Amino acid sequence: PVLVESLLVFIIVLSVHAVVWDRFSWCAVALAVQAFYVQFKWDRLLQLGGAVFQFRGAANSGLLPASMVIPLLGVVMKERCKAAGIVYFERFGIVVASTGMLLALFLSILAVGITKPVPTNTCILTGIAGSIIIYTMKHSLTVSEVIEVLEVLLIFVYLSMILLYLLPRCFTPGEALLVLGGVSFVLNQLIKRSLNVIEGRGDPIDFFLLVAVVGVILLGLFFTVLFIFLDSGTWISSMFFHMMTAVLGLGVIMPWLYRLIQRNPLFWLLQFLFQTQTRLYLLVYWTFLAASACGVVFYQNAKRSSESKKHQASTITRKYFHFIVVATYVPGLIYDRQLLYVAAVLCLAVFIFLEYIRYFRIKPFGQTLRHLLSLFLDERDSGPLILTHIYLLLGMSLPVWLFPRSCAPKGTLPGAGALVPYSGVLAVGVGDTIASVFGSTMGEIKWPGTKKTFEGTMTAIFAQIIAVALILIFDSSVNLNSSYAWILASVSLVSLLEAYTTQIDNLLLPLYLQIMFMA
């Protein structure tokens, strides 16, 4: 399975660079080759328990598929913005690609450094790949851009040491690279923009995303350190938690956002949410869907009898939430993408905050949340945090957040790029859901070395093609310009990757589909 997963990633890398070949293509190919070899060193370290930190079990390291995501995103963003003539975001794409390559290279060097005996051939490959990447960066980046890349690397190193120690068994090395690399980049962007505020420059919804993500992460770090010394399950600690959340929110996060958008954040948010009648209708509709999702949780828990406390929700039951998320995102993508952008940020902040309440057992809801959510755990929730629902939200939202709006003057990209915001809906909401439901109920022919079935994968591909046809019918802004063969190839590759990867598919698949569509 690891070899097939690696082959699929190589095909995606070569497919992208066949379209956008430039000096960074050599770097990406060299990075992919060395990540393939280093991946086996990480796997061996995980099996022997010598990987410094405790990583998630029942999965390989995932270094190769994770290493290629950020560099490929940067490369395709650079090409799209170059075609649109937006120089600032073309340079930004170069910085993203360079940062992703350096983070992946750092993780590879770490694995090689702690492997005993030292793997000579892998060291040589890593050295060659590192030389190519550094040489390319030297001739592509300005001094300020090099400093920015090194800042992200420094933040990543410190975040990794802190969070991987505090949260054992929550990530594989590849997932840690994606999640912590993304958080490091967001934190660096927020610091950079906070120090260089220019009134009227920048979209408030972008600042809202940056502040919300960094705010909830800092909140979690603060309480993690605090509850080392206090028992978080008492009423006094719970009252202190709620009081400090209000103090940090109103005293740090709100002023920080005010500095960036130059207006009262609460008034801006209320005005934004209720600006048009369409937004009001969408908010009412989403509230109904949120209540439905809560109803599913309560109903499934009510079915759990006292004799079957270890009973877990079935695959089909868990996919109810995928259907609800698809029903949430599709109207937002068709009618008001900016509202969907902000609503997804708010939802992410709420999900993470509720996870803090569950994890720290904050009264009065902490223990209740633990009981309600324990029904929906699977083998990927082996650490102290429950992250699958957050990954589902991220997988649906990242294509919306990462869509290069400034490089799409008409609000959409030409060709297959018009489907970029729908990447999460197609890969996770439709493809992964249909593959799981049909594979678990009717699948008989298993892919070699996996539990996934041929029938599930083929049905997922077919369902995504039907979904693309429906998007063409209902979303008038989508014009594929005869790029149907590329769309079919992209959907097929990502569906096959879903069958063979042991990483969090909710996070990985939408990003790869977005990369293919943007290319």
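Glycine too: its Cβ is placed from the backbone N, Cα and C atoms.
Feature annotations, reproduced from TrEMBL:
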type	residues	note
TRANSMEM	7-37	transmembrane segment
TRANSMEM	57-76	transmembrane segment
TRANSMEM	88-112	transmembrane segment
TRANSMEM	149-167	transmembrane segment
TRANSMEM	207-230	transmembrane segment
TRANSMEM	239-258	transmembrane segment
TRANSMEM	278-299	transmembrane segment
TRANSMEM	341-361	transmembrane segment
TRANSMEM	382-402	transmembrane segment
TRANSMEM	422-442	transmembrane segment
TRANSMEM	454-474	transmembrane segment
TRANSMEM	486-513	transmembrane segment
Contact check, the transmembrane segment (486-513) vs the transmembrane segment (7-37), 3+ Cβ pairs under 8 Å, seq sep 6+: yes
Contact check, the transmembrane segment (88-112) vs the transmembrane segment (7-37), 3+ Cβ pairs under 8 Å, seq sep 6+: yes
Among the ranges 7-37, 57-76, 149-167, 207-230, the one whose Cβ pairs under 8 Å to the transmembrane segment (341-361) are most numerous: 207-230
Residues of the parent chain within Cβ reach of the transmembrane segment (454-474), under 8 Å, 6 or more residues beyond its termini: 334, 419, 422, 425-427, 430-432, 434-436, 438-440, 442-447, 480, 487-488, 491-492, 495-496, 498-499
Spatial neighbours of the transmembrane segment (57-76) far in sequence, C-beta under 8 Å, 6+ residues away: 2, 5-6, 9, 12-13, 16-17, 20, 22, 24-25, 27-28, 31-32, 35-36, 38-39, 42-43, 46, 93-101, 103-104, 107-108, 111, 169, 172-175, 177-178, 181-182, 185, 379-380, 382, 402, 497, 501-503, 508, 511-512, 514-515, 518-519
